[in-house]
Amino acid sequence: MSQFSFTKMHGLGNSYIYVNMFEEQIPEEDLALVAEKVSNINTGIGADGMILICPSDVAPVKMRMFNNDGSEGKSCGNGLRCVAKYAYEHKLVEDTVFTIETLAGIVTAEVTVEEGKVTLAKIDMGAPRLTRAEIPMLGEGETPFIRENFLYNNHRYAFTAVSMGNSHAVIFVDDVEQAPLTTLGPVLETHEMFPERVNVEFIEILNEEEMNFRVWERGSGVTQACGTGACAAVVASILNGKMERGKEITVHLAGGDLMIAWTEEGNVLMKGPAEVICHGVYEYKIEA
């Protein structure tokens, strides 16, 4: 029997099991199965996945994110805010502004601290990637993939593709509560045009500075929030002429609100909360 200490945290209801790999050890070959086990709500702790906070050669910390199906993702906006909170409060970093390595690249975090506790985290997510090769999608072309039609159940849905280090298909609807989240979501997630699968977002524009948001996450299904998805939604809204670049947009997710801005300089900034749920020790056994 093996075990490790963990902290369960969430960003707007998007919860992960966080493991401090400065102190804990999980064999590389076990990570996918451990992520699947620990995320199980009936036989594990229950979460949208597992995130490792690791040493890095190029930043103070490195984030590795595993979905609850065991697949490894390249980035996670809500996870990054929680990693920023954990790293500062556990003295893995000293400054309130620091970098975090991810499989999608290095991002910059800035934390707001009150009485020694992080109350808010802002992440510079970098520039969105908009070509087919960057997303990635099958096909050729260097122009952004904007409002292309997808036929499902005799209905045409127009989506815009954006990568924020992980791929997103953003669909505009009149009412997110009536969107085909659990039906079209998994169909588009696993469509052959996305070789690495895709996160699917449904967006309802409320006005020039607000939107409602629902998400089907790659490898996790319906979740309360998706930080990179909120960033992709704002980028897609601007590409479609629905919102203005440089303004801070309020994204209303099922779990709460995020503030997103696609700056004139090119980067996307995400600001929102990160909270601790509990700490504990998880025991597991890998069958031979």
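Sequential numbering from 1, following the chain as shown.
The backbone N, Cα and C atoms fix where each Cβ goes, and this holds for glycine too.
Bear in mind that the values here come from a model prediction, so they are computed numbers and not experimental data.
Annotated features, as they stand in Swiss-Prot:
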{"type": "ACT_SITE", "residues": "C76", "note": "active site, proton donor"}
{"type": "ACT_SITE", "residues": "C226", "note": "active site, proton acceptor"}
{"type": "BINDING", "residues": "N14, N67, G77, N78, N166, N199, E217, R218, G227, T228", "note": "substrate binding site"}
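What Swiss-Prot annotates, mapped onto the structure for a quick look.
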{"residue": "N14", "record": "substrate binding site", "CB count, 10 Å": "29"}
{"residue": "C76", "record": "active site, proton donor", "CB count, 10 Å": "31"}
{"residue": "G77", "record": "substrate binding site", "CB count, 10 Å": "30"}
{"residue": "N166", "record": "substrate binding site", "CB count, 10 Å": "27"}
{"residue": "E217", "record": "substrate binding site", "CB count, 10 Å": "27"}
{"residue": "C226", "record": "active site, proton acceptor", "CB count, 10 Å": "35"}
{"residue": "G227", "record": "substrate binding site", "CB count, 10 Å": "28"}
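In this entry, substrate is bound by N14, N67, G77, N78, N166, N199, E217, R218, G227, T228, whose most widely separated C-alpha atoms sit 16 angstrom apart. Those residues of the chain, other than N14, N67, G77, N78, N166, N199, E217, R218, G227, T228, with a C-beta within 8 angstroms of the mean position of the substrate site C-beta atoms are G73, S75, C76, G79, V215, S220, T223, C226, G229.
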